[in-house]
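K.L.:
A single structure is presented below for examination.
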Amino acid sequence: MGRRRKRRTHVPIDDEKVPRSFVIRSGVVGRAVSYLVRDVRKVMEPNTAVKLRERKTNKLKDFVQVAGHYGVTHFLIFSQTKVGTNLRIARTPRGPTLTFRINQYSTIKDVLSLQTNPRSKGTEYKNPPLLVLNNFGDNDKHMKLMTAMFQNLFPPINVQTMKLGEAKRVLLLNYDSETDRIDFRHYYIGIKITGVNKSIKRIIQTEVPNLNKFDDISEYILREAHASESDIEDGPDSTIVIPQKLNRNQRTEQRAVRLTEIGPRMTLQLTKIQNGFCDGSIIYHRFIKKTKEEEKQIEKLHNQKIKEKEKRRKEQEDNIKRKQEEKERIANNNRKMQRDLLKAKLAQQKAESQQNENDDNIEEDEDDEDDNINDVELIGDDEELESEEEEDDDEMDED
């Protein structure tokens, strides 16, 4: 039996085009706001840090420093004051920053507790939600900026290559021009079969019914042959024709689309827009209106602040460069000293070895001279002995 090959179940996405986000809380917030932060992270899945752990000692700059490494493009910052709860949506690294006041909110737990049969399965968070913006067609500058900010929170959709089976959630942002508020709603997209009653739907959807009280399956089907409320809702206005197959068991192309709210829900109101990342000149303010002279003065102070910041940064860079050069100079001096010491040591060792060789040669020469002297003395002694023997022989001959 051959080895089974794993099929590619998803299309790789270009990481550079996918926006990523950090959903964090700033300062001291209540338990309910902490739950809201956790729920908003689920809305932003899968392109957000779901298991991001925050500490009381963490500052905003700590998250900004690591944002570039992980490719984070947006920050959603929740904070709480005596007036109420606020949400800041900031684009890294240079802004802009939109500040909203959260007038009302409900967590996922609160929304699901009001439903008889909650529809959230957990698998719908594998793909980002579809974004629907309603009544955002105003030509005001702050409305255009707010629309662009919401659109850039999620990856763009290619209608030609998109798979309908991946569309499991929808995020609805509805703007009310009368109250100047935004309704934040999060829904689960459900696809149901049309044209059949509940009994047949259960059988088609592979949910095995309980037939212990029936003699035949026809009794079970005919028992609910009358139209129910859900069947009446599946009219021509609520049904669509799906060109793609959502699963293997699909038999008909006509389906009914149901939206089930899975939370969280919020009511937002735009209060301020800043030019930078949580800082900078104020582009729009809901409660404070300023004259053109005041705006020019603020712009002048902001530019002056930027220049001072650039000056400090340049001084810091010069100091770092100077310290680096000083460090390299000291390191070069140390390396030069080490080389000189090594050369001196090698020269000393060479001189010592040469002196030892000279001493050895001198000792060898002295030994050779001693041997020559001994040979000469021995030869002289032999000649004396021979001459003495010859004299003795002569004396004996005379006698």
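In case you wondered, yes, glycine gets a Cβ from its N, Cα and C as well.
Marked as domain 'Brix' by TrEMBL: 19-279. What TrEMBL lists as region 'Disordered' is 301-399. The annotation compositional bias 'Basic and acidic residues' is assigned in TrEMBL to 301-330. If you look up TrEMBL, you'll see 357-399 marked as compositional bias 'Acidic residues'.
Show me how these features fit into the structure around them.
P.N.:
Across the domain 'Brix' (19-279), mean pLDDT in this model comes to 83.
Under 8 Å from some Cβ of the compositional bias 'Basic and acidic residues' (301-330) lie the Cβ atoms of residues 275, 280-281, all in the same chain and six or more residues away from its ends.
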K.L.:
Please list, for the compositional bias 'Basic and acidic residues' (301-330), how many residues fall into helix, strand and coil according to DSSP.
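P.N.:
With helix first, then strand, then coil, the compositional bias 'Basic and acidic residues' (301-330) has 30 helix, 0 strand, 0 coil.
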